[in-house]
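So that you can see what the record holds, here are the features copied from TrEMBL:
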type	residues	note
TRANSMEM	45-63	transmembrane segment
TRANSMEM	83-105	transmembrane segment
TRANSMEM	112-134	transmembrane segment
TRANSMEM	140-163	transmembrane segment
TRANSMEM	175-195	transmembrane segment
TRANSMEM	207-229	transmembrane segment
TRANSMEM	241-263	transmembrane segment
TRANSMEM	306-326	transmembrane segment
COMPBIAS	336-347	compositional bias 'Basic and acidic residues'
REGION	336-362	region 'Disordered'
Amino acid sequence: MQTNFLSQQFNAGSLAENSTACPANATICDGTSCVLPEDNFNRTLSVVLSTILTIMLALVMFSMGCNVELKNFLCHLKRPWGIFVGFLCQFGIMPLTAFLLSLAFNILPIQAVVVMIMGCCPGGTASNVIAYWVDGDMDLSISMTTCSTLLAMGMMPLCLFIYTKMWTDSDAIVLPYDSIGLSLVALVIPVSFGIFVNHKWPSKAKIILKVGSIVGAVLIVLIAIVGGILYKGSWIISPKLWIIGTIFPAAGYSLGFLLARIAGLSWHRCRTVSLETGMQNTQLCSTIVQLSFTPEQLELMFTFPLVYSIFQLLFALLILGGYRLYRRHRLKTKTDVEKTAQEEDSKPSANINGGYISDEMK
């Protein structure tokens, strides 16, 4: 179907009837749900916050690079089995999952398209921060994020062409290659500096890493808050999209971990692949949606990237909390075993064998 056909699904008559419930300057009204034009204050706030967040993100990625060993990073590139598994998860599992969820819940074509766009996006940089906190393979995490962002320039059009033909013309979806390129540059340059610092001054790199990991955790929460600040007006989306937004990231984490384990990767690499699979670049998805659809169509599905980002962060924090509890229990159990072994070793032989002392020990 063509995109102009999709726009006809939106009931323009109902908008006119409910226009009195919205402010006079609202561009879209549906009862109490309003979309307001971007005013000067909101535009200025967006620019300022985007600049601050971009600088913070660059610093965080610089600190993450301080945990990357150049030799190990190059080894992943020379023997890219882990990267290949991540590629299958990112551009195989995620688009297919998005397609199946769209069919299973029988959502509107325009809503199915935005779910597909989310499924075809590359991994987000937040996964690198979470991977650090769950003791993942940072070399693999950085290389996967870099490769998925680079390959997205070709794989996103291909996946969207394959999966969206039944709903819309794939040519109607505008891919912002400049945004993808900027994301790649914002990732590669600071990480490269971090790798260099770790190679030259490893002791200083550890200090930078500790500070950057904390800043990164704060940044993830801050981005979620900023997303809420920049939303003006109330939004009402289909409950089906809320359900999909809940299931989709959970499925990405689970299937990514499962495929990595089947491929024979170690546990810490399985955790890395899982996070890289489930955590998508939601900012890129929002940009594509805004460039590709009319305001009337945005009313039906613009909030979905925000819903996905909320639940992908929530599940990532649950994974982090579960891993930390497991690690604490494991260390506690390991310590108890070691203490028991030391006590056994320190006991006299007579106490161990019931008081009997052999002739050889006399």
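Cβ coordinates are placed from backbone N, Cα and C, and glycine is handled just like the others.
Long-range contacts of the transmembrane segment (83-105) within its own chain (CB-CB distance under 8 A, at least 6 residues past either end) are made by residues 76-77, 111-112, 115-116, 118-120, 122-123, 140, 143-144, 147-148, 151, 155, 159, 162-163, 240, 243-244, 247-248, 251-252, 255-256, 259-260, 263, 265, 273, 276-277, 280.
Note on the transmembrane segment (241-263): residues 81-82, 85-86, 88-89, 93-94, 97-98, 101-102, 105, 107, 111, 115, 118-119, 269-280, 301, 303-304, 307-308, 310-312, 315-316, 319 of its chain, located 6 or more positions outside it, place their CB under 8 angstroms from a CB of the stretch.
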